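Before we start, here is the structure in question, set down as structure tokens.
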Amino acid sequence: DFSKAMSQAGPSQFQEVIRQELEYSMKVELDKILATAPSNELEHTKKDLEGFKKLFHRFLQEKGPSVDWGKIQRPPEDSIQPYEKIKARGLPDNIASVLNKLVVVKLNGGLGTSMGCKGPKSLIGVRNENTFLDLTVQQIEHLNKSYNTDVPLVLMNSFNTDDDTKKILQKYSHSRVKIYTFNQSRYPRINKETLLPIAKDVSYSGENTECWYPPGHGDIYGSFYNSGLLDNLIAEGKEYIFVSNIDNLGATVDLYILNHLMNPPNGKRCEFVMEVTNKTRADVKGGTLTQYENKLRLVEIAQVPKAHVDEFKSVSKFKIFNTNNLWIALSAIKRLQEKNAIDMEIIVNPKTLDGGLNVIQLETAVGAAIKSFENSLGINVPRSRFLPVKTTSDLLLVMSNLYSLNAGSLTMSEKREFPTVPLVKLGSSFTKVQDYLRRFESIPDMLELDHLTVSGDVTFGKNVSLKGTVIIIANHGDRIDIPAGALLENKIVSGNLRILDH
């Protein structure tokens, strides 16, 4: 009797047998996939599948949230420095020589699908026809011209964004920025029931597009190293990378932080700096820095045991969250990569494909590696360094007169009386960029706005001003047209409103 034999074997032995069987089945399937690779892709595919195999092995070993809540402590005072203190040190005369040690890396693997756009998210226009990528190049070019330096830009693309991005890069061939790219890995999605890959061969076009995924930005360490670019940059004398999401318009090169890294006050260099900023109610789910087994550690909401999720979200207990602006020593990445010593928790991301199939993809996050580096540090930066554009509600803010644009950098307008950003919630009629653009004849004046909620079929005429709290709700079947030149201050507009031209 199999079940009787297994009950005598004990649960841990039983689990071990299951694990070994799953690993063996996975290996067989991956070998089949590899056998379909054309010779020019063989080496690359092999590296990808090896990386995936390691991740899958760890996924089978680890179960449940990977933090022991009892061990989580508040970080020691000096392990998270206030930005003001770092800035107060000023800048050395030779800031150009410090800048020449820097490389800017942008995470460019994401598509614009959540905003209804095809192709890379970095190619969406965000301000005066400029895309995220345009603004990034302008920022670095401005640095290089101002200080007569050679700070390069590196884009980590995914197989989803690589072709389109490379086509666009030709337009920057005369700019004063060297641009390099490398690709993050391509891993197979696995069937949630069988835990086997849904891909049958290496192709990723046509009906196979859904079979593969880029495994999160934690893949940067391995891919950067494998691409050969890491070694080339070290050979050129580069020492630090500044990594950030390409859709975070606040993530510009900060000279004070760079100086702190290159010329540390205590003489001991940090290998890893994470910029954190104070949580607001909107950020309760953001990952936070904690002290764990005498190391700084990033804890994400997915790792928190269910019983402690509310505590994790508490703004009073965990006051800061990770902006994903990171400064990392190149030599440390090389050392840890060669020792296979970068430890990042696995994020299990469940998806349902168009045909209804449930799959999971195994991912890692770049900031989770902080505990593998020596002498890590958090810097509590102003909120202005975290300006992500994830939705059209965010897009409305950065397109508006709340911000002014100078050399690719957005700064909050001096005319705004208070430093916080208004809370904007646009309804589902605005989700796609083309619908959003159609509904605004021009972007409203928002300098004195605190809160805007828009729901239903609403359009805005030219030169509308919004102040205080404005709520506009068109019920199902109704339509509201806000007329040109209207001033809405602390108003609730609902029902049906159409201004007809006479």
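Yeah, the Cβs are placed from backbone N, Cα and C, and that goes for glycine too.
Keep in mind it's a predicted model, so treat the numbers as computed, not measured.
In case it's useful when we look at the structure, here is the feature table from TrEMBL:
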BINDING   Lys121, Gln184, Gly216, Asp247, Lys390  UTP binding site
BINDING   His217  substrate binding site
Quick check for the class: what is the C-alpha distance, in angstrom and rounded, between Asp247 (UTP binding site) and the residue listed as 'substrate binding site'?
14
Suppose we draw a 10 Å sphere around the Cβ of Gly216 (UTP binding site). How many other Cβ atoms does it contain, all chains included?
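So the Cβ neighbour count for Gly216 (UTP binding site) comes to 23.
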Which chain-mates of Lys121 (UTP binding site) that are at least 6 residues away have a CB under 8 A from its CB, listed by sequence?
Gly110, Leu111, Gly112, Met115, Phe132, Thr161, Ile246, Asp247
Tell me the Cα distance separating Lys390 (UTP binding site) from the residue listed as 'substrate binding site', rounded to the nearest angstrom.
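Spelling it out, the Cα of the residue listed as 'substrate binding site' and the Cα of Lys390 (UTP binding site) are 16 Å apart.
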Max CA to CA distance in Å over the UTP-binding set Lys121, Gln184, Gly216, Asp247, Lys390?
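Taking every pair among Lys121, Gln184, Gly216, Asp247, Lys390, the longest Cα gap is 21 Å.
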Other Cβ atoms within 10 Å is the metric here; tell me which of the binding-site residues His217, Lys390 scores highest.
His217
Given the binding-site residues Gln184, Asp247, which one is most crowded in terms of C-beta atoms within 10 angstroms?
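Its Cβ has the most other Cβ atoms within 10 Å: Gln184.
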